[in-house]
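The annotation Mn(2+) 1 binding site is assigned in TrEMBL to Asp9, Asp321, His322. Here TrEMBL flags Asp280, His285, His333 as Mn(2+) 2 binding site. TrEMBL lists 1-371 with the feature domain 'Metalloenzyme'.
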Amino acid sequence: MKVTTVVLDSVGLGYLPDAAEFNDEGADTLDHTVLATGIQLPHLAELGLGHVPGVHTLPRVDRPQGAFGRMRAQSPGKDTSTGHWEFVGIILEHPFRVFPEGFPPEVMEAFAQRIGRGWLVNRPYSGTEVIRDYGAAHLRTGQPIVYTSADSVFQIAAHLEVVPLETLYAWCQAAREILQGPYAVARVIARPFEGEPGGFYRRNDLRKDFALEPPANVLDALVGAGLDVVGVGKIPDIYAHRGFTREVKTKDNADGIRKTLELMREDVEGLIFTNLVDFDAKYGHRRNPEGYAEALKAFDAALPEFLAALGPEDYLFIVSDHGNDPTYRGTDHTREYGLLLAVGPGLAGRDLGTRATFADLGASWARIFGVAWEGPGTPVV
C-alpha cells in the first residue's frame, strides 16, 4: 500500500482569520490567479476543489472523485518550514526568528571567520534583485552575497565560477552551525548563480536548504514501523534529512511530477512525499500570475496519471503549506488556508470542511498505515 502526498508549494486558499497580524488581509493565491488569467483546472475541479469553502473560481461537480477541504495553520508563521513541520505533527508555539534589519555583527563576524573572507549586503532582499545589484561586486571581491527575507532564512548567493558549489555548501553548513540558539533561523539556503553582469540567473536546480533538525514527528513513527518513506524534491531538506528511507532529487515541477509517478508504479510500501516548489520559487515571489497559472495547468494536466497509478488500497493527498499570492503586494509568502484533497477507498465526495490544523495530514498517514501516533491532528480517513 502506498500513500502519495504532493505539496503544491504556496497554493493557498484564501487569507486566514489572523492574516492581519501578518499584513496579508485579502490574499487569495488560487482564486486571484484564476481570476487574473482565466485558466481552467478541470481535473482538480473533478476531485472537488470547487466545493472547498472559500474557493469561488472553480465549478462544483455532481460527483466529486475525492474528498475536499482546507486546513488552518495553528503554528505562527507562513513559510515552508512552519507549514511542513505542522504537516507531520510539530506545532510551533513561537515563530521561527526573522531578521528584518539583517543579522547582528556577532553572527556575521563568526561567519566571516569561518569562511575566511568578508560578505556583501546582509539585509532583506529579493533573490533575483540581489544578484542583479551585487553580482558584479561579488565577481570583483569573491565575497558571498548574504541576504534574508520576511521568512526565517539566511541565504548565501555565489557565482559558480567564483565559488565552487561544494564550497558554497560548506559555507552554508558553517552558517547553520553558527545560527543556533537565539539566532536559530529555520533554514540556511545555498543560492548558486551564473551568467554575466546584466544577465545573471539563479541555478534553482542546485539550490540546497540546510534546515534546523525537527523534533520527533510522524515521519519517525512511519520509519520506525518499517515503512518506506521516500522524500521527493526539497522535502528531505525541510526536515534536515530526518525520517526518510530514500531521497529523490528533482530539477523542477515537471521532473518532480515524473519521478513521483515513477515511484507510484514501483514496489514502495509506505509514503511518497513530494514538494513541487516552482509555484512558490519561480512565480509566487516574482509576482507572476501567468507563470503561476501555467504551473497549475501543468499539474492539473498530469492529475489523471496520478489517479491511474493508484492501486485499489492506495491513497493520494494533494495539499499546500502556505500562500504566495502572485497578484498581492510585495514579494513574500501570504498567510492562507492550506489545500486538502484526498483520493482513496471510501473518500469520494466527502466534504472535509475546514480542518483545525495542518497536522491532520500526518495523523491521516498514521491511521492509514496503522501506526501508533499520539501527536496532534485528527485523521480524515
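Glycine is treated like the rest: Cβ placed from N, Cα and C.
Among the binding-site residues Asp280, His285, His333, the residue whose Cα lies closest in space to that of Asp9 (Mn(2+) 1 binding site) is Asp280. Cβ proximity to the Mn(2+) 1 site centre (mean Cβ of Asp9, Asp321, His322, cutoff 8 Å) flags the following additional same-chain residues: Val7, Leu8, Ser10, Val11, Gly12, Asp79, Thr80, Gly83, His84, Asp280, Ser320, Gly323, Asn324, His333, Gly338. In the three-state DSSP reading, Asp321 (Mn(2+) 1 binding site) counts as coil. Summed and averaged per residue, pLDDT over the domain 'Metalloenzyme' (1-371) gives 98.
A 10 Å cutoff on Cβ-Cβ distances gives Asp280 (Mn(2+) 2 binding site) a total of 27 other Cβ atoms nearby, all chains included. Taking the C-alpha positions, the distance from His285 (Mn(2+) 2 binding site) to Asp321 (Mn(2+) 1 binding site) comes to 15 Å.
The two recorded residues, His322 (Mn(2+) 1 binding site) and Asp280 (Mn(2+) 2 binding site), have Cα atoms 10 Å apart. Each residue in Asp9, Ser10, Ala281, Gly284, His322, Asn324, Thr331, Asp332 lies on the same chain as Asp280, His285, His333 and has a C-beta within 8 Å of the C-beta centroid of that Mn(2+) 2 site, without being one of the site residues.
Note: Asp321 (Mn(2+) 1 binding site) has non-local neighbours Val7, Asp9, Ser10, Thr80, Thr82, Gly83, His84, Phe87, Gly338, Phe358, i.e. same-chain residues 6+ apart with C-beta under 8 A of its own C-beta. Within the set of binding-site residues (His285, His322, His333), the lowest number of other Cβ atoms found within 10 Å of a Cβ is recorded at His285.
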